[in-house]
Structures are given as C-alpha cells and as structure tokens.
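Below is one structure, written out as structure tokens; the observations come after it.
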Amino acid sequence: MKPYYVTTAIAYPNAAPHVGHAYEYIATDAIARFKRLDGYDVRFLTGTDEHGLKVAQAAAAAGVPTAALARRNSDVFQRMQEALNISFDRFIRTTDADHHEASKELWRRMSAAGDIYLDNYSGWYSVRDERFFVESETQLVDGTRLTVETGTPVTWTEEQTYFFRLSAYTDKLLAHYHANPDFIAPETRRNEVISFVSGGLDDLSISRTSFDWGVQVPEHPDHVMYVWVDALTNYLTGAGFPDTDSELFRRYWPADLHMIGKDIIRFHAVYWPAFLMSAGIELPRRIFAHGFLHNRGEKMSKSVGNIVDPVALAEALGVDQVRYFLLREVPFGQDGSYSDEAIVTRINTDLANELGNLAQRSLSMVAKNLDGRVPNPGEFADADAALLATADGLLERVRGHFDAQAMHLALEAIWLMLGDANKYFSVQQPWVLRKSESEADQARFRTTLYVTCEVVRIAALLIQPVMPESAGKILDLLGQAPNQRSFAAVGVRLTPGTALPPPTGVFPRYQPPQPPEGK
C-alpha cells in the first residue's frame with residue numbers, strides 16, 4: 001500500500017475549541033478516510049501546541065499552573081475530535097518527550113548549517129498571534145498599538161535571542177515555489193506567499209529568555225525556542241524524527257499534505273520550508289490553507305457571544321449531519337458562513353429528501369414486494385444505463401476533487417447524481433409497475449429497484465469519508481459486508497438474491513423542538 005501522511009495544524013489550548021477548529025479537523029479527516037478507502041496506508045496526525053506565551057498568560061490569568069491548564073484544555077480538544085469521529089492515528093502534544101527531542105535535533109541541524117546566531121532583538125510582539133511585527137506592520141488605534149493584519153495588540157520587546165538566517169533562503173524558497181506550483185494552495189494563498197517572499201526576508205528571532213514555558217534550546221537552557229520552531233516540528237515528530245532510519249520516518253516523510261488555516265500560511269509556507277532546507281530534510285509535498293468559518297457572516301468571537309460549540313451542535317443535529325454541512329456548504333479554501341437555517345436546510349433537503357428518502361422508498365418496496373432480497377434485473381433500458389454510467393463515473397471525479405481539497409465539489413457531484421436518481425425513480429413509477437400484471441412491467445419494476453439500490457450503494461460508498469456512520473448504515477441495509485466497502489468495490493454490482501435486513505430510516509428530517517404548550 002502506498003503511504004499517505006496528512007496533518008492538521010496543532011491548536012493552542014488556551015481556550016475552548018470552536019466550530020472553526022472542527023471545520024479543519026473534519027475536512028482533514030475526510031481526506032484521511034478517503035485515502036484509506038482508496039487503498040492508501042494513511043498516517044493522520046493532529047494535536048495541540050501546549051507551549052508559548054499565549055498559553056502561559058492564559059494559565060496565569062486563570063491562576064493555575066501552565067502545564068495543568070495546557071493538559072486540561074488539550075484533553076478538551078481531544079475529546080472534541082473523538083466526539084466528531086476524527087480518525088487520527090496520533091494526537092500529539094508539544095509537551096510530549098519525543099517532541100522535545102525532535103525539536104532539539106532540528107535546532108542542532110540548523111545550527112550546524114551555520115543558520116543560527118545570537119543577537120539582540122527589539123521590536124513588537126503579539127502574544128495572541130505568537131508573532132513578531134515590524135513597526136510598519138502596526139498602527140496606533142486609540143492609544144493602543146495594534147497589528148494592521150490581525151488587529152491584535154502588540155507589546156515592545158527587547159531581549160537577547162537567537163536568530164535564524166531566514167534572509168539566506170529568499171531565492172531558494174522562490175525557486176521551490178516556481179518548481180512546485182502545487183506546493184501552496186489555493187492559488188490566492190500561493191500568490192500572497194510569493195509576493196511576501198519576493199520582497200525579501202529578514203532574519204527571524206527564534207528563542208526567548210523572558211519566559212520559560214517551552215522547549216529549551218540545546219546547550220543554552222536559559223533560552224526557550226520560539227513557539228513556532230517547536231510547533232512546526234510536530235510534523236516531524238509524528239513521523240518518528242529524529243530517528244530518520246526508523247520504519248516510520250522512511251515510510252511517511254515527507255508529509256503529503258499539511259492542512260492549515262489561512263492565518264498561519266506564512267509560518268508553514270515560508271519559515272517551515274526554510275527550517276527544513278537548513279536541516280537537510282525533504283520538504284512536505286503540499287500545504288493547503290482553508291478559509292475562516294463565520295457565524296451569519298460575522299467573525300466568531302467571545303466578546304460578541306456568537307461562537308458555535310461543535311460538540312453541542314453535533315449532539316443536537318447529529319455528527320454526520322454537521323460533518324456534511326461544513327464540507328458541503330462552504331467552497332473549501334474560501335471563507336464561509338454558518339447559520340442554523342442553512343444547516344437545517346441541508347439536513348432536510350440533501351440528506352433526508354435526496355438520499356434518505358430515495359433509499360427508504362426503494363428498500364421498502366424491495367422488502368414488501370420482493371421478499372427482502374436484491375432484485376434480479378431485466379435488460380437495462382437507456383435510462384437505466386445512463387444513470388448507472390453517471391454513478392460509475394463518480395469515483396474518478398470525486399477522487400480528483402478530494403486530491404484538490406475541493407470536498408464541496410465532490411459532494412456536489414454525488415448529489416447531482418442523486419438528483420438524477422430521484423428523477424429516474426419518479427419517471428419509472430415503480431409504485432405503478434408493482435400493481436401491473438404484465439410480466440414486462442414486473443421486469444421493469446425489478447430493474448428500476450435494482451438500479452436505484454445500486455446507485456444508492458455507490459453514493460453510500462463515496463460519502464463514507466464525510467459521513468462514516470450514516471454511510472455504514474446504508475451499506476448495512478444493502479447487505480454489504482465489511483470487505484465490500486472500499487472504493488475497489490464501486491465497480492462490483494449488487495448481487496441479485498442477496499438477503500437484506502428490514503429497512504430503517506437513516507436520515508430523519510430535523511424538526512425544531514416545540515415550546516411546551518401554554519408558553
């Protein structure tokens with residue numbers, strides 16, 4: 001099996017997770033599941049970034065030890081991922097012992113390359129962004145200095161720190177971007193990065209002495225690594241680094257895909273490849289920066305009180321329903337918006353009507369009229385062959401969309417086919433054919449139900465990465481054994497005569513809770 005290594009960004013556990021975190025995890029999980037079903041040996045890494053000033057300050061404000069807050073909040077992130085059915089292979093925490101060793105080895109390699117030196121740093125620092133800013137990237141607003149880009153407050157910092165010779169990598173980075181046009185996606189982010197790097201790069205401060213919550217610099221324990229040096233290294237740690245001779249590292253590095261938010265593209269597409277070039281380590285193959293998820297078009301924030309809790313949402317509406325909505329509603333890579341009305345519409349229109357109702361109606365007819373067994377079809381008419389051909393061609397189209405991280409287009413293609421299937425079912429009128437005493441009509445009845453069940457099967461196979469539990473239930477209803485559920489089974493038709501279990505509904509319509517009478 002061909003290996004495939006995919007990662008999410010690791011989240012800061014300084015506050016509770018929100019639906020924006022869930023969006024990235026669900027998208028990456030869908031890709032990991034797709035690759036597994038498509039015959040790949042997948043390694044899927046996610047986790048939390050427990051170091052940095054942001055976490056230390058949150059702990060101080062809460063009056064708890066930093067390690068305790070980081071551990072407690074990381075547990076919340078891990079439980080959220082488990083609640084959303086995220087199929088990670090490792091949930092890494094940057095406090096893990098093997099991660100400290102990996103970070104120190106990366107530092108040693110960059111130092112041995114002559115790319116690290118000691119100097120004095122003075123400039124503006126944003127704790128919230130864990131990022132340095134030059135004067136021209138800030139502005140005074142009502143007496144407070146804020147970053148122009150993110151609007152977060154900055155403080156003036158002066159200390160002796162180690163620097164990384166980022167300036168030496170300007171041309172090498174640009175050469176890599178041009179030689180590997182798919183390295184950064186989508187195109188808008190790629191253009192942003194190329195524009196930024198083309199302007200020339202300054203050396204980067206990569207250690208701090210003003211606090212001690214982080215990975216200690218080798219041979220210089222009074223310095224801790226700048227949180228992004230340590231954080232980015234997690235992708236190497238997850239592949240077994242620094243043991244580059246290990247089976248894990250040789251099999252999975254370089255990473256095939258880093259899935260991140262657009263706000264951290266500079267760290268991943270500029271700093272990270274420069275660190276790896278310095279250390280003599282192969283670069284990841286692709287970095288995809290997705291957009292932000294807003295609430296009714298507004299940025300989610302605690303101060304506004306419009307943050308959506310993904311676990312509460314899943315408990316109210318269903319895990320698979322939330323997973324489907326987030327990947328279907330928003331063109332992946334662009335900003336998108338959440339609203340209660342939009343998700344209920346998707347549940348009732350796409351899931352309950354288009355897929356759930358089609359499966360329920362066809363399987364109920366099979367149970368009632370054909371002894372609960374897959375019907376034996378007659379000769380396929382043009383309408384049958386056309387619908388089957390559309391369904392048969394879906395895997396290649398869906399694969400292409402997943403490889404481009406365009407899950408919304410993959411789902412759109414599947415639902416277009418389901419729209420065709422519903423029209424086909426209405427035109428063929430199996431409920432009329434069933435009552436006919438004509439043998440030809442009975443053959444059409446069996447053929448119509450066979451074709452409908454077959455295209456529902458193909459749809460269920462292909463939606464497994466997005467809705468694993470619900471797709472599994474549909475495949476159960478179609479009598480598909482566990483070894484008939486990989487994408488290799490797409491072209492293997494339903495076997496006539498297969499006994500099917502009694503049909504049950506998979507996607508109930510969502511009815512909002514009614515207030516008690518008299519209220």
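Quick reminder: no glycine exception, Cβ is built from N, Cα and C everywhere.
If you look up Swiss-Prot, you'll see Lys302 marked as ATP binding site.
The region 'Disordered' annotation in Swiss-Prot covers 500-519.
Counted with DSSP, the motif ''HIGH' region' (11-21) comes out as 3 helix, 1 strand, 7 coil. Per Swiss-Prot, motif ''HIGH' region' is recorded for 11-21.
Within the model, the motif ''KMSKS' region' (299-303) carries an average pLDDT of 69. Residues annotated as motif ''KMSKS' region' in Swiss-Prot: 299-303.
Within its own chain, the motif ''HIGH' region' (11-21) is flanked in space by residues 47-50, 52, 54-55, 57-58, 69-70, 73-74, 76-77, 80, 130, 261, 292-293, 300, 302, 307-310, 313, 326, 338, which lie at least six positions past its ends and keep a Cβ under 8 Å from the stretch.
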